[in-house]
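What follows is one structure encoded as structure tokens, with my remarks underneath.
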């Protein structure tokens, strides 16, 4: 570490390279934290976890006992062991005693992307609720046609306030917080939708995975999906980084009829009249393509928006190139995955490691080789969800044992105190 710091001070290492090396070293050396403990108030399995995207400070959890809780992961409630162990109790919890609480299991709990003043929960009671964090009151209700498996909001959105909801119904519904009504529905799946994920490179692109084994890409500004992933359509290996591709993919000049046309390498000029490209959603062979032989139980888009990791009830993990829509044929080592409910996966900040709940353990896979980098064991029952905090370089996991565990680097680090804040939430 000191050598890296000395190289950075001497100007031998670029800032981005220094940051990447430090974070990679921390995320590849995770173990059960011996200095931070989350005291869970839940009496059912923990199904969803998320740290807010604005401050990286508040952890939101949802559980099968219809409860939701918020924790401050940067300021401890109390200390034990002579100040060595920081106990983090919930700032507040909403359970069945609350007048507006869910009646059945909370399957998903997410923060409003740009403000901790709101959070959203989805439940098996067929409702999606939007909550005011300051008053812990429901400000908006959306009645869904079936059990809610997953809900998601785009972290990039500046033009819309849409919640994408995957339920046991075949249609994906977009709930508009601005109007309090459904914006529109996306039809294409032939069975329930277990995963929904927004692109990290475009606020208009939504990725959904269904019990029919299909993964579909949607541009919410247009009707129909524009891509259906096919596991038999493959490409070997990883794409070159953008900077290297810009150097190698030089354009060549094609002369015809006295005019010069710039064409990228690997592409040929069209002959005759331009043929309109048929929408993939209208092609029966592509429309029936599957990404997994069973239900798609989990999906995660990498931070750069270039790849998609998917998990299925066939106990397979697949890495997809989003630009080409091809299966990259990364051979992930054998892993047992839950098949009866969705799982929440996570990736490290540099998208080098993928954290996948594998029954009672969490396996960290190298995203590009498929090899198992770490096996994190600490839960007594099946693990349902993971969330990696890029700010603290910590992994949070929740399982059927009702516990929320913290995994951090075994390397020593300095404790950074949080400045006093009179208001717990952003206004």
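For all residues, glycine too, the Cβ spot is worked out from N, Cα and C.
Here the structure is a predicted model, which means the values were calculated and not measured.
The region 'Disordered' feature in TrEMBL is assigned to 1-25. Look at TrEMBL and you will find 1-12 tagged as compositional bias 'Basic and acidic residues'. The annotation compositional bias 'Polar residues' is assigned in TrEMBL to 14-25. Positions annotated as repeat 'WD' by TrEMBL: 99-141, 186-228, 289-330, 376-408.
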For the repeat 'WD' (289-330), I need the partner stretch with the highest count of C-beta pairs below 8 angstroms, choosing only from 99-141, 186-228, 376-408.
186-228
Near the repeat 'WD' (376-408), which residues from the same chain, at least 6 beyond its ends, have a CB less than 8 A from one of its CBs?
23, 26-27, 30-33, 35-38, 40, 42-51, 56, 59, 61, 63, 71, 73-74, 338, 341, 343-349, 355-364
Mean predicted confidence [pLDDT] for the repeat 'WD' (289-330):
92
